[in-house]
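Residues annotated as 5-phospho-alpha-D-ribose 1-diphosphate binding site in Swiss-Prot: 84, 87-88, 92, 94-97, 112-120, 124. The annotation anthranilate 1 binding site is assigned in Swiss-Prot to 84, 115. According to Swiss-Prot, the feature Mg(2+) 1 binding site maps to 96, 230, an assignment based on sequence analysis. What Swiss-Prot lists as anthranilate 2 binding site is 170, and the listing cites sequence analysis. Summarising the annotation, Swiss-Prot assigns Mg(2+) 2 binding site to 229, 230.
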């Protein structure tokens, strides 16, 4: 081993970075359950206190992928994930989940990776269950769903069994750790394209560079200036774009795409049932600000997936997919496929 857990802890306390092989060794000990819980807790807090680096996050993500149950997709063209870190405290309806079906209806192949609610009122898994989907699918069944329907959902606990060694420690700590930002980086289908929302402006550049280190093809990391971990309709959104191996950061605004602004708190829900109702209203072509924010995020997904040349074109395709009824058909096909497996 390159370093002991105690040495790694001391290094972090001194605000010194762990090298790639050192972080890899520590993460393998954590994921295998071989590191004492007290040391795991200490190391996670020390990493957070000194601020995790791009190299440390990338190494940790690679190890999580090693321990994950993979989903093998043969035709990987236009394969994309649309996901948020969560933890933004906005308690909105499931924007990225609605965008998943709209983007799939417009030609993207969605490999969505998500979980139940941690800090929100409704996680992606919660609203998909409310919509009638079966989440208890094997990796092979998810792969079939993605191949036949064009959209699949990988329920994180089904694909990351080693997380059982970490969950009790995270719950006891009750503070954010590196694991709060690892989920979106560890897609079991190894999608090389992603629209990722984050809970803090500082993470935009960091996560974009982590995705660069992980060999992603095209990524948009977004943070609404209002605090939303999606592209916001309230005002500007900070974007970190990875394309052709280069990261650049910029801002976008709803007005750039001819959309009216709307306050994020107008999208708040109390539970998964409320989220389901809004998702269905959007999918069923009821014009609203909710529909606009879904089309905005679906449009960005289509851009990242390589279906649209830019976000504006993606939004037009998203609106057309809803108006034609294709998005509703995609949702119904997804639910039926999940239940037939």
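Yeah, the Cβs are placed from backbone N, Cα and C, and that goes for glycine too.
Distribution of Swiss-Prot features across the structure.
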{"residue": "84", "record": "5-phospho-alpha-D-ribose 1-diphosphate binding site", "Cβ neighbours (10 Å)": "28"}
{"residue": "92", "record": "5-phospho-alpha-D-ribose 1-diphosphate binding site", "Cβ neighbours (10 Å)": "25"}
{"residue": "96", "record": "5-phospho-alpha-D-ribose 1-diphosphate binding site", "Cβ neighbours (10 Å)": "25"}
{"residue": "113", "record": "5-phospho-alpha-D-ribose 1-diphosphate binding site", "Cβ neighbours (10 Å)": "27"}
{"residue": "115", "record": "anthranilate 1 binding site", "Cβ neighbours (10 Å)": "19"}
{"residue": "116", "record": "5-phospho-alpha-D-ribose 1-diphosphate binding site", "Cβ neighbours (10 Å)": "16"}
{"residue": "170", "record": "anthranilate 2 binding site", "Cβ neighbours (10 Å)": "18"}
{"residue": "229", "record": "Mg(2+) 2 binding site", "Cβ neighbours (10 Å)": "27"}
{"residue": "230", "record": "Mg(2+) 1 binding site", "Cβ neighbours (10 Å)": "29"}
Handout entry: Using Cα positions only, nearest of the binding-site residues to residue 115 (anthranilate 1 binding site) (84, 96, 229)
Key = 84
Handout entry: Cα proximity to residue 229 (Mg(2+) 2 binding site), best match among binding-site residues 84, 96, 113
Key = 84
Exercise for the section: Whole-number Å only: compute the distance from the Cα of residue 116 (5-phospho-alpha-D-ribose 1-diphosphate binding site) to the Cα of residue 170 (anthranilate 2 binding site). Expected result: 16
Handout entry: Cα-proximity to residue 230 (Mg(2+) 1 binding site), 10 Å cut-off, over binding-site residues 96, 113, 170
Key = 96
Problem - Rounded inter-Cα distance in Å - residue 92 (5-phospho-alpha-D-ribose 1-diphosphate binding site), the residue listed as 'anthranilate 2 binding site' - result: 24
Completion exercise
The correct three-state DSSP answer for residue 230 (Mg(2+) 1 binding site) is coil
